[in-house]
Amino acid sequence: MYLINLLAMIIPVLLAVAFLTLLERKVLGYMQLRKGPNIVGPYGLLQPIADAVKLFTKEPLQPLTSSPMLFIIAPTLALTLALTMWTPLPMPYPLMNMNLSMLFILALSSLAVYTIMWSGWASNSKYALIGALRAVAQTISYEVTLAIIILSLLLMNGSFTLLSMTTTQEYIWLLIPSWPLAMMWFISTLAETNRAPFDLTEGESELVSGFNVEYAGGPFALFFLAEYANIIMMNALTIILFLGAYHNPMVPELYTINFTTKTLLFTAFFLWIRASYPRFRYDQLMHLLWKNFLPLTLVMCMWHVALPIMLAGIPPQT
């Protein structure tokens, strides 16, 4: 039974990821005044299936000087972590209702750094290693602001459970009282998922393809799936934290429709940003975080700590 539950979550996520790649290519195509994929199937709808067949039937080549064990473990672990992060998300009911679901997601997203680091190191290539080092520095840096923003929101929520976020936001979205946090959170999720304009790890112009330069076929596809699963997961998390969907226990389907629509809109926003903005320089990326976001988030966190204490003496206004 547990296996069926797990598969009922994993398979739709992988399908969503497959068609997100198609959507991205279509959106970028139309933004650059061209068609995008339109040969395989009607309007190119079967392109993801063709891509999957092509990638998984290719020979998984390995460089002679690589560490074979780590080389294979890294992409497998990347996808495993990306899919495990979906388990505590309430949609409207989570697969695993944990007390510390928010901490669980933070811990797993920090573990994802290791997969990138191992893949860069195991490839035994200069480009891959530079890409991996950049990714590690970037991800660890932006984890800091993500953690502080989450802490501020949890102070308003009153618990670490994601399920209670829907109850907190019954009257007002948390986006409205904490919009500076939401703004910084969104930019940090872009950096966390290595998306443009923060895609320094895959800098085609200077690093060929970044940490996955030596990967081909199946293992490359696993990295690709992990990246896009993380993108959708981060957007889903943004919706849960800031734009809580209205949940009525009598009709839980409404929540799912509401939640999915918002997540898709945010994902489209990610693609729009990719088509519009140039890549940051590495020092600009670090300056943005350590000199702009970190002081601001710390101030906001102190404000959220002080607010309940300041207002504790006021009787409830009913």
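Glycine residues also receive a Cβ, built from the backbone N, Cα and C atoms like all the rest.
Database features, via Swiss-Prot:
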- 3-23: transmembrane segment (TRANSMEM)
- 69-89: transmembrane segment (TRANSMEM)
- 102-122: transmembrane segment (TRANSMEM)
- 144-164: transmembrane segment (TRANSMEM)
- 171-191: transmembrane segment (TRANSMEM)
- 222-242: transmembrane segment (TRANSMEM)
- 253-273: transmembrane segment (TRANSMEM)
- 294-314: transmembrane segment (TRANSMEM)
Best-contacting stretch, by C-beta pairs under 8 Å, relative to the transmembrane segment (171-191) and drawn from 3-23, 69-89, 102-122, 294-314: 294-314
Contact check, the transmembrane segment (144-164) vs the transmembrane segment (3-23), 3+ Cβ pairs under 8 Å, seq sep 6+: no
Region pair the transmembrane segment (102-122) / the transmembrane segment (294-314), three or more CB pairs under 8 Å: no
For the transmembrane segment (69-89), distant same-chain residues with Cβ under 8 A (at least six beyond the ends): 9-10, 13, 62, 95-98, 101, 104-105, 108-109, 111-112, 114-116, 118-119, 121-123, 162, 214-215, 219-220, 222-223, 225-227, 229-230, 233, 236-237, 240
